[in-house]
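Going by TrEMBL, these are the annotated features:
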- 11-177: domain 'Era-type G' (DOMAIN)
- 19-26: region 'G1' (REGION)
- 19-26, 66-70, 127-130: GTP binding site (BINDING)
- 45-49: region 'G2' (REGION)
- 66-69: region 'G3' (REGION)
- 127-130: region 'G4' (REGION)
- 208-284: domain 'KH type-2' (DOMAIN)
Ligand SMILES: Nc1nc2c(ncn2[C@@H]2O[C@H](COP(=O)(O)OP(=O)(O)OP(=O)(O)O)[C@@H](O)[C@H]2O)c(=O)[nH]1
Ligand SMILES: [Mg+2]
């Protein structure tokens, strides 16, 4: 008797999430991956890099990319951030264009036209529907279907996990046939130090006002892991002396709070005890210095 082995073909591809700042791109990627890979805050321009989140199944591998929100760049750092968005357009197998209830199309016409004339599948997700009425939601659905006729439009709430699984299933259907791009146990392409820097930056975005979070970059100088503990020393770079004082705060209280909160998050992330030492340094105009930006990983 002959036996037949039914072998399913393997699927894999890049699913890149793009959209305006603050619409919930990072919240969605974390929901798909089931890990807190990207930091999330209520401020625009929280994400500065392209961050890969890998989801593996037996016969598929999805490479999600979270990207910075689309803005008109005003300085070199923002130019680099938009470079990450551009690269996400170039290698996507499926595009996720995320909008939030109440917003209009992208101000950047070039990017918007790329979405409208895309040759690959576009999933247009209207996020944050938990915040709006049935009537408004229906109106927006029609608006976006007309605006981007080539897209499949879906209503979601990334925060409340509404329709996230449905979108995920659709992505698996649309994935092209391909062998995996990364080992099946890999979760991201970023090193440990990246997540440390981001955890610290998240607390700075949360606790400081105006220009301060946008003038900050973190560099982790020391990462030493032993069986029981991870010892970390990171520097918080600011652009001006006055900003250094603000970051440290009265008797060091503000900086201490950042340290405590970041350490707690990192202990969860690494599932280990953490010793975190922070200090602040002035690095004049780092945001406009191409060489330094390259050193900090903004080199796409
Ligand atoms: N009500 C509601 N809030 C949401 C939802 N998704 C995200 N948010 C909130 O929106 C804010 C921005 O979320 P992020 O995921 O950081 O947005 P982003 O698009 O990655 O932002 P940038 O990285 O700055 O471009 C946060 O305060 C989230 O908690 C949602 O479905 N409903
Ligand atoms: Mg983000």
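Any Cβ shown, glycine's included, is placed from N, Cα and C.
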### Cβ-based isolation winner (fewest other Cβ atoms within 10 Å) among the binding-site residues 22, 67
22
### Message
Below 8 Å Cβ to Cβ and six or more residues apart, same chain only. Which residues does that give for residue 25 (GTP binding site)?
### Response
17, 18, 19, 38, 47, 66, 67, 69, 98
### Query
Where ligand 1 binds, which of the binding-site residues 22, 25, 67, 70, 129 are close by, with Cβ under 6 Å?
22, 25
### Query
Quick one: what's DSSP say for residue 129 (GTP binding site), helix, strand or coil?
helix
## Note on the structure
Best-packed against the region 'G1' (19-26), counting Cβ pairs under 8 Å over 45-49, 66-69, 127-130, is stretch 66-69
### Query
For the binding-site residues 22, 25, 67, 129, which residues place their CB under 6 A from an atom of ligand 2?
25
### Message
For a quick check of understanding: among the binding-site residues 19, 70, which residue's Cβ has the most other Cβ atoms within 10 Å?
### Response
19
